[in-house]
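Annotated in Swiss-Prot:
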type     : residues                                 : note
ACT_SITE : C77                                      : active site, proton donor/acceptor
ACT_SITE : C185                                     : active site, proton donor/acceptor
BINDING  : D13, S14, Y45, G46, N78, T79, T186, H187 : substrate binding site
Amino acid sequence: MESSNQPNVLIFDSGVGGLSVFQEINKRLPEVNYYYLFDNQAYPYGELSQETLLARVEALVVKMTQQFAIDLVVIACNTASTIVLPTLRAKLPIPVVGVVPAIKPASLLANRAVGLIATPATVTRQYTHDLIRDFAHEKEVELLGSTRLVDIAEEKLRGRQVDQQELAMILKPMKHKVDVAVLGCTHFPLLKEEIQQVLGDEIILVDSGEAIARRVQSLLHQLSPQSTKTPWRIFSTAQPWDEAALNGSLKTMGFNAIELYPL
């Protein structure tokens, strides 16, 4: 397989949450050339206006797809996916895959109620409420928006211990109320073990990672990639905090050290 051409896949997020999506795709497609770009200069995306977010993502993704002959883009951020997909799909001649909270599969699994754990931006966005209306209208749905959970995931990837007591306080509104919980932000599967511990083993945790990986696999089968095998590269738009610790985690995933890629 080494001698044959391999597709170049770009995974994009505002932070390191998209690495949970990368891990799912990589399980199925370990031979792919991966490029990961995170726009930490504008993190967290939930606090940006839609116009600013769209302008940043479009500029960064278009530039990188041209520079590295990317075959497929994954927007591994729920907030960005709800805003940028139509524009990117119109601009780029390659497939663009987005993420949406896994409300549909969760509602099929739930007997009692579905919980959506996401960022405040995702919880309040009309897009999310449309998903609930379309796929979970027969179930009770509990919404929990937290920015702090995103930060905890970022800290964990830099080797910080997760404070289970703090996690329990954040997740308290969800406990004993639902039988299925959707991890509606790509950062949250990085905390899956800890969240499971807090909510209890009887709660089923659902995220979009596996579905995205299947979609990417299906799309790549239809392409004729031109690139040879290259090292996996990761880029940030600003100097990341605690870069050495983060690079340590990234190395275990197979990435080279972080490179600066300013807007």
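Placed from the backbone N, Cα and C atoms, the Cβ positions cover glycine too.
DSSP assigns C185 (active site, proton donor/acceptor) to coil in the three-state reduction, outside any helix or strand. Looking at the residues that bind substrate per the record, D13, S14, Y45, G46, N78, T79, T186, H187, the two CA atoms farthest apart are separated by 13 Å. Listed active-site residues: C77, C185. The one with the lowest count of other Cβ atoms within 10 Å of its Cβ is C77. Counting only residues at least six positions away in the same chain, the Cβ atoms of L19, V21, Y36, F38, D39, I75, A76, C77, A80, T186 sit under 8 Å from the Cβ of D13 (substrate binding site). Put simply, Y45 (substrate binding site) is 12 Å from C185 (active site, proton donor/acceptor) when counted between their Cα atoms. Each residue in G15, G17, G18, P44, C77, A80, T119, V150, C185 lies on the same chain as D13, S14, Y45, G46, N78, T79, T186, H187 and has a C-beta within 8 Å of the C-beta centroid of that substrate site, without being one of the site residues. Secondary structure from DSSP puts D13 (substrate binding site) in a beta strand.
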